[in-house]
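Novice: Structure incoming, see below.
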Amino acid sequence: MSVVAIVGRPNVGKSTLFNRICRRRQALVDDFPGVTRDRLTTSVEVEGRRFVLMDTGGFLSGDPTDFAEQTRRQVLLALDEADAIIFLADAKAGLHPGDEELVNILRRSDKPVFYAVNKVDGREQEIHAAEFFGLGTDRLYSVSAAHGYGVRELLEDVIAALPEEWADDPQDPDPPVRVSVVGRPNAGKSTLVNALLGEQRVIVSPVPGTTRDAVDTPLEWEGRRFVLIDTAGIRRKGKTREKLEKLSVIKALDSIDRSHVAVLMVDAVEGVTDQDLHIGGTIQERGRGCVIAVNKWDAFEKDLKRIRMFMQDLRDRFRFLPFAPILTISALKGKRVSRVLPSILEVFDQYNLRVNTGMVNRVLADALEKHEPPLVSGRRLKFYYATQPSTRPPTFVLFCNYPDRVHFSYQRFLTNQFREAFGMDKTPIRLLFRERARRGENRS
């Protein structure tokens with residue numbers, strides 16, 4: 001997901017513009033300079049384009065205090081993360097030496113910069129805004145973040161400058177398998193990616209939080225192409241101690257969205273944690289294929305009773321991912337790492353399975369005969385036919401007379417019947433229930 005950063009001196013209206021774009025009051029807004037001390041990030045959608053919007057602390061030129069130094073560091077980190085930058089100045093305050101100092105830094109960043117002058121609420125401010133051409137730009141955006149004036153035009157140009165979003169090439173008959181490697185900090189994600197690549201391409205450190213970005217790396221194995229996405233460790237919302245890690249968490253969640261299969265790394269030494277379940281729940285909600293890789297297995301005490309208990313606990317707690325294969329590996333020592341790519345391919349191939357309509361309806365008929373649908377308010381639930389409109393994951397639409405009253409237990413029964421019949425035991429599948437109007441049927 002692309003990143004747009006808003007930068008500028010204190011009290012020029014960065015948080016007001018941030019809230020205007022987000023359409024909600026998320027950043028603290030005050031007339032006192034320096035209210036926004038940390039970078040504030042959120043995912044937004046504008047004109048059908050999703051991106052991460054980042055508000056930053058005010059750039060304090062020449063201020064020797066620790067707070068000013070921390071703020072400058074935050075701004076520089078934001079510039080490093082951003083794909084496009086909105087420089088915001090204050091028309092009422094006029095051109096300031098701090099504006100010029102910040103613009104000099106922006107010019108060295110080699111990122112597209114959009115120069116906006118805020119608090120333009122009338123003809124007088126429009127005239128004052130013209131002095132900002134002295135910064136050396138040939139395009140100025142006069143805006144009022146408080147009232148929305150000029151913001152739409154600014155955003156249209158910013159969005160046009162963002163990198164193209166990822167999508168499978170429709171002309172590619174065999175697109176690469178996109179694999180996100182996700183998990184808590186220090187679970188061994190980068191070590192696994194490096195083991196699969198056979199070389200150190202991602203920084204590895206025992207310190208949690210080493211990987212700040214999602215790094216895409218191509219790989220070819222046995223004639224099949226992959227793209228490995230190594231991600232920052234995902235922490236529970238509200239538990240991220242360093243605010244500067246929040247963007248990495250957003251990017252990691254976006255990496256799950258961009259992938260076909262997610263490899264969920266679980267630390268064998270620490271066991272299954274609530275955070276592991278949170279990440280697994282995200283994979284399940286996004287409808288992605290999943291392989292659970294229990295890492296550091298070599299450090300786990302090789303007691304057969306403990307191993308059985310561990311695996312039982314793992315399956316019980318990840319019961320919402322019954323389709324996910326479980327591998328026990330040591331990424332650092334390379335033990336059983338050779339099983340990872342074959343397992344990913346097995347999941348991916350099922351993730352792409354398509355079944356012809358005739359077969360789908362034969363399996364549905366067999367299931368209905370095996371277990372008659374339950375009564376709904378005294379009337380029999382009837383299924384008419386089913387189709388598979390899409391894959392990734394395999395999705396089936398079942399047409400019936402009471403689509404909103406199909407009990408979850410019967411949904412689970414049908415799901416299991418489809419899994420068994422179609423060989424889809426290692427992929428998520430979706431069943432959608434739709435109404436088919438039947439002429440003359442009494443719905444009372």
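Placement of Cβ uses the backbone N, Cα and C atoms for every residue, glycine included.
Marked as GTP 1 binding site by TrEMBL: 8-15, 55-59, 118-121. Positions annotated as GTP 2 binding site by TrEMBL: 183-190, 230-234, 295-298. For 2-166, 177-352, the entry in TrEMBL reads domain 'EngA-type G'.
What does the local environment look like for each feature on the list?
Specialist: Of all Cβ atoms in the shown protein chains, 29 besides its own fall within 10 Å of the Cβ of Lys14 (GTP 1 binding site).
The Cβ of Trp297 (GTP 2 binding site) has 20 neighbouring Cβ atoms from other residues within 10 Å, across all protein chains displayed. Following the DSSP three-state reduction, the secondary structure of Trp297 (GTP 2 binding site) is helix.
Over the domain 'EngA-type G' (2-166), the average per-residue pLDDT in this prediction is 78.
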Novice: Taking only the Cα atoms, work out how far Asn11 (GTP 1 binding site) lies from Asn186 (GTP 2 binding site), in Å, as a whole number.
Specialist: 38
Novice: Helix, strand or coil at Gly183 (GTP 2 binding site), per DSSP?
Specialist: strand
Novice: For Trp297 (GTP 2 binding site) and Val120 (GTP 1 binding site), what Cα-Cα distance in Å is obtained after rounding to a whole number?
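Specialist: Cα of Trp297 (GTP 2 binding site) to Cα of Val120 (GTP 1 binding site) measures 61 Å after rounding.
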Novice: Just to verify a number: CA distance, Asn186 (GTP 2 binding site) to Thr56 (GTP 1 binding site), in angstrom, no decimals.
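Specialist: Per the Cα atoms, Asn186 (GTP 2 binding site) and Thr56 (GTP 1 binding site) stand 28 Å apart.
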Novice: Could you state the CA-to-CA distance between Thr56 (GTP 1 binding site) and Gly183 (GTP 2 binding site) to the nearest Å?
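Specialist: Their Cα atoms are separated by 28 Å.
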Novice: Quick check: in three-state DSSP terms, what is Val120 (GTP 1 binding site)?
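Specialist: In the DSSP reduction, Val120 (GTP 1 binding site) maps to coil.
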Novice: Using a 10 Å radius around each Cβ and counting other Cβ atoms from all shown chains, which of the binding-site residues Asn11, Thr56, Asn186 yields the largest count?
Specialist: Thr56
